[in-house]
Ligand SMILES: NC(=O)c1ccc[n+]([C@@H]2O[C@H](COP(=O)([O-])OP(=O)(O)OC[C@H]3O[C@@H](n4cnc5c(N)ncnc54)[C@H](O)[C@@H]3O)[C@@H](O)[C@H]2O)c1
Ligand SMILES: O=C(O)C[C@H](O)C(=O)O
């Protein structure tokens with residue numbers, strides 16, 4: 001049985017994510033931490049009659065929340081408003097993530113750390129560098145959550161295919177088609193690279209293929225615009241964050257899991273160096289790719305998806321890498337300063 005801690009539990013993502021985790025049979029203890037309102041959210045959830053115990057921790061007790069946690073999920077920090085990029089959140093969220101990860105290094109150094117807070121392309125490097133500086137880094141434990149991009153890609157692919165002539169969706173159910181698409185790279189605009197495994201689908205989409213790619217890459221903007229100043233994706237993100245966390249929990253319980261993409265520190269993973277070569281950029285330290293899990297930790301990267309990329313997908317990977325290099329560098333510099341790089 002597992003203690004899961006949600007840091008940022010009172011927020012737009014934190015609350016529905018905590019609700020979903022309250023329903024998970026593998027969770028024995030759900031620790032909710034936030035700088036505001038977490039005891040209230042925990043009291044509310046504690047009236048649900050599933051087996052886990054829920055406790056809310058107030059601002060000054062992150063130690064209590066983290067101690068004994070095997071999994072820590074972090075949706076803490078500010079969300080975007082219309083006109084902002086995810087990178088605009090760096091100013092506030094970089095410090096928030098550094099602080100939270102420092103506490104994790106102190107109180108739950110062996111936990112799996114699932115980072116939702118944006119900009120993911122920089123917050124994950126911040127977490128890794130901070131743990132490194134503390135001598136507490138276990139690279140397979142630090143995962144940037146990119147699952148929302150996959151959820152979107154699955155949804156949009158089915159939507160587009162349902163509307164094109166000669167659609168193969170008439171022959172397959174939605175779940176089967178969902179398995180034909182994944183997303184690699186990073187979590188922002190052009191760093192998001194949707195990969196459609198079945199060429200038949202790309203052919204069917206024709207000129208809507210470009211539209212499909214754009215919607216996956218900029219799906220976050222659609223939500224930010226529609227929420228009109230009230231924040232960004234929360235409910236679809238809670239579902240995505242739950243899907244990722246559930247996979248980690250199943251792996252901890254020795255269940256076989258299919259490789260799931262996550263944004264990881266390549267040099268720290270067993271076959272990470274090979275992946276850097278495969279991506280033809282040995283300076284690239286982070287990338288999201290499907291990973292194999294052992295005990296809920298990344299044990300290796302499954303890069304088979306890279307072997308079958310179309311020319312267009314290769315071009316998108318190249319573009320993604322150029323942008324990622326800058327965002328990663330910015331995250332690293334925030335922790336270790338430019339002089340040591
Ligand atoms: N990875 C993704 O795919 C993805 C998707 C959607 C949103 N996000 C990001 O997730 C973050 C949260 O989004 P939201 O909509 O839930 O925002 P929100 O403002 O509704 O909630 C954030 C919560 O974090 C809390 N918080 C702030 N500083 C904290 C700290 N130091 N310790 C603990 N809690 C703290 C706040 O009190 C608040 O309750 C944003 O950065 C957003 O950009 C990422
Ligand atoms: O778009 C955002 O700022 C939130 C999130 O990263 C998303 O993709 O919805």
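We count from 1, first residue shown onward.
Quick reminder: no glycine exception, Cβ is built from N, Cα and C everywhere.
Annotation source TrEMBL lists domain 'Lactate/malate dehydrogenase N-terminal' at 2-144. Annotation source TrEMBL lists NAD(+) binding site at 8, 9, 10, 11, 12, 13, 14, 34, 93, 116, 117, 118, 237. Positions annotated as substrate binding site by TrEMBL: 80, 86, 118, 152. Look at TrEMBL and you will find 146-335 tagged as domain 'Lactate/malate dehydrogenase C-terminal'. The annotation active site, proton acceptor is assigned in TrEMBL to 187.
In this structure the C-alpha atoms belonging to residue 8 (NAD(+) binding site) and residue 152 (substrate binding site) are separated by 23 Å. Under 6 Å, Cβ to nearest atom of ligand 1: this is the test, and of the binding-site residues 117, 118, 152 it is passed by 117, 118.
Selection of the binding-site residues 10, 80, 86, 118 by a Cβ distance under 6 Å from ligand 2 yields, in sequence order, 80, 86, 118. Here the binding-site residues are 93, 117, and the one with the most other Cβ atoms within 10 Å of its Cβ is 117.
In the predicted structure, the domain 'Lactate/malate dehydrogenase N-terminal' (2-144) carries a mean pLDDT of 98. Across the domain 'Lactate/malate dehydrogenase N-terminal' (2-144), the DSSP tally of helix, strand and coil residues reads 61 helix, 29 strand, 53 coil. Here the Cβ of residue 80 (substrate binding site) has 21 other Cβ atoms within 10 Å, regardless of which shown protein chain they belong to. The Cβ of residue 187 (active site, proton acceptor) has 86, 118, 119, 120, 121, 144, 146, 148, 149, 263, 288 as same-chain neighbours under 8 Å, each 6 or more residues away in sequence.
Ranking the binding-site residues 10, 12, 93 by Cα distance from residue 152 (substrate binding site) puts 12 first.
Listed in chain order, the extra residues whose Cβ falls within 8 Å of the Cβ center of the substrate site residues 80, 86, 118, 152 are 79, 119, 187, 188, 220, 221, 224, 232, 233.
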